Structures are given as structure tokens and as C-alpha cells.
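**Student:** Provided herewith is a single structure, encoded as C-alpha cells, for subsequent inquiry.
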Ligand SMILES: [Zn+2]
Ligand SMILES: [Zn+2]
């Protein structure tokens, strides 16, 4: 297998692009695909202050690395979810990575806050992943606002977004379809714009980028996500892609084309209220987060 750019030995084959690359040209391809999404969806400007949500997994660490290499002003934001073992190992990967490349980090520890996910879920009698989503969203929004960031970037990749789109179509969840768009606009005065620069790259490619560039990441999945239905849609999509290379990116990019002119400006700031408990913007007098953690007190 030869690199299509330099004819040297290829380290990876990308069937949907009908190409194979050596390490150097794969890195180039990876960065170009990221830049293409950033430009096409006007994710941010060179001078913007970017916060990257990191979990210790490959996608978020790779995104952090790529944005840093592009010369962006980027800070990693990590939330220790308080899941014994898994959280300790993922935090180790994040801090080791930040030290290795000399990067700025914000860390929130839910054990210190008194809200470790398994505890809150048990006390509130709600599903772990739902509780985790609410709490993570809250602290990410809060850190982005408090830190004066312009934009929040997440490591969602093509497989994440295409499989979520597939799941939403199969359930005809029209109202959630938009969540798979690569840019989610700012809301009110406090909620920052969210962007997903890796939407053109697959999980296999982010893993390859991590390994080739010495990025050590936590390989295990979150133990609480076992049996998540999202994995079934990912597997289905992977089976289809395996038989018909290029179908996944076609499916996702055609969706983006169809909805590109839709008005995504969220709720007007005057419709937003201020949470009486924590002072963050909310649709109600008390925000979802404050209503949730009230149950554990
Ligand atoms: Zn090459
Ligand atoms: Zn609140």
C-alpha cells in the first residue's frame, strides 16, 4: 500500500476517499479535513478564545492537539464525573496530555462538588446517562461563560453524528435532528456557540491520528454507557459502510445540505430567565441542573 501523495509506505487506507497515506500525509489530510469544516461552517475566527470539552478519550484529545497545532487559543475543560476507576484513569490521561504539550486546562471535580454521577443518579432515581448529560452540560456552559470563551468545541466525529442522525430518523425525532448539525448557535446572553470540527473524520481516523502522534488516551468506554442504544446504530452504520464505502459521509453531508438554510438562531435572550438558585440563564425560574441536584440534598 503506497501513499497517494508521495508514493512512500502508507500507514492507513481511507476507502471513502479512495486514498492511502503515509504518516506525514495522513496528518496533513486530517488537518485539512478539520480546517474544511471550520471554514465551511464558520466555526470560529483565528483570534477566538476556544474551550475544548475533553473526556480523556481519543476524539477530544486529538481535537485539542489539532487546534493547538493550528495556533488557536485553546483551553481544555475536563469534568471528573466521580465514577470510580474510570474517572481516575481518564483524568490521568488528560493531565498527562496537557503537561506533555504545555496546554491550559480547567478541571471540575464532581466529587468535590458533592455531585458524583452515580450518587446523583441513585438519589434522584434517574438514569446515569441522563444525569451525566445534564450535569456535564451545566458545568461546560458555566465554565465557558465564566472563562469568557467565545466558542465551545467538542470532539464529535462523523460516526457519532451520522449514527445519531440515523437514530433520530428511525425514531422520527424531528425536533432533535438539528443537534447533529456541526454548529449550534449561542443562546441568550450566557450560552456559548458550540462547534464540532471533527465531523468529517471517523473514529478509526481519530484513533490512528492519536496513535501516530503519541497521544495517549483512555481506551475503555464509560462503564455506565454499557448497552447504550447509540452503539447499535453505530454498528449498523459500520456494517453498511463496510459493504458500501462512502455511504456514511454521503448520508451525513446530504443531510447538512438539506438543512443548511434553516434558521438556527435559538430562543431570543428576552425569553430567557435567570435561575434563581445559581444565576445561569434558563427557560424556567430554576434551571434543570438546580432542580436535579436539589433532589440529592
Ligand atoms: Zn506521503
Ligand atoms: Zn440553576
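Glycine is treated like the rest: Cβ placed from N, Cα and C.
Unlike curated entries, TrEMBL annotations are predicted automatically.
Model, not experiment: these values are computed from the prediction.
As listed in TrEMBL for this protein:
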- 3, 6, 22, 25: Zn(2+) 1 binding site (BINDING)
- 275, 278, 287, 290: Zn(2+) 2 binding site (BINDING)
- 2-27: domain '2-thiouridine synthetase TtuA-like N-terminal LIM' (DOMAIN)
- 49-219: domain 'tRNA(Ile)-lysidine/2-thiocytidine synthase N-terminal' (DOMAIN)
**Student:** Under a threshold of 6 Å between Cβ and any atom of ligand 2, which of the binding-site residues 3, 6, 22, 25 are retained?
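**Tutor:** If the test is a Cβ under 6 Å from any atom of ligand 2, the answer is none.
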**Student:** With Cβ-Cβ distances below 8 Å as the criterion, list the same-chain residues six or more beyond the ends of the domain '2-thiouridine synthetase TtuA-like N-terminal LIM' (2-27) that contact it, or say none.
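**Tutor:** Hits for the domain '2-thiouridine synthetase TtuA-like N-terminal LIM' (2-27): 205, 208-209, 212-213, 241, 245-246, 248-249.
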**Student:** Kindly state the mean pLDDT of the domain '2-thiouridine synthetase TtuA-like N-terminal LIM' (2-27) in the predicted structure.
**Tutor:** 97
**Student:** If I restrict to non-local contacts, at least six residues apart, and a C-beta distance under 8 angstroms, what lies near residue 275 (Zn(2+) 2 binding site) in its own chain?
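**Tutor:** 281, 282, 284, 285, 286, 287, 290 - these are the non-local Cβ neighbours of residue 275 (Zn(2+) 2 binding site), listed in sequence order.
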**Student:** Report the residues of the chain - excluding 275, 278, 287, 290 - with C-beta within 8 Å of the mean position of the site's C-beta atoms, for the recorded Zn(2+) 2 site, in sequence order.
**Tutor:** 276, 277, 279, 280, 282, 286, 288, 289, 291
**Student:** If I restrict to non-local contacts, at least six residues apart, and a C-beta distance under 8 angstroms, what lies near residue 278 (Zn(2+) 2 binding site) in its own chain?
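**Tutor:** 287, 289, 290 - these are the non-local Cβ neighbours of residue 278 (Zn(2+) 2 binding site), listed in sequence order.
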**Student:** Tally the residues of the domain '2-thiouridine synthetase TtuA-like N-terminal LIM' (2-27) by DSSP class, grouping H, G and I as helix, E and B as strand, and everything else as coil.
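**Tutor:** Helix (H, G, I), strand (E, B), coil: 8 helix, 8 strand, 10 coil.
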**Student:** Which Cβ among the binding-site residues (3, 6, 287, 290) has the fewest C-beta neighbours inside 10 Å?
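**Tutor:** Result for the binding-site residues 3, 6, 287, 290: minimum number of other Cβ atoms within 10 Å at 6.
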**Student:** With an 8 Å cut-off on Cβ-Cβ distance and a minimum sequence separation of at least 6, pull the same-chain contacts of residue 25 (Zn(2+) 1 binding site), or say none.
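**Tutor:** Long-range Cβ contacts: 3, 4, 5, 6.
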**Student:** Any of the binding-site residues 6, 22, 287 with a C-beta atom under 6 A from ligand 1? Give them in order, or none.
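**Tutor:** Only 6, 22 qualify.
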**Student:** In the same chain, outside 3, 6, 22, 25, whose C-beta lies within 8 angstroms of the Cβ mean position for the Zn(2+) 1 site?
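**Tutor:** Nearby residues not in the site list: 2, 4, 5, 7, 8, 10, 21, 23, 24, 26.
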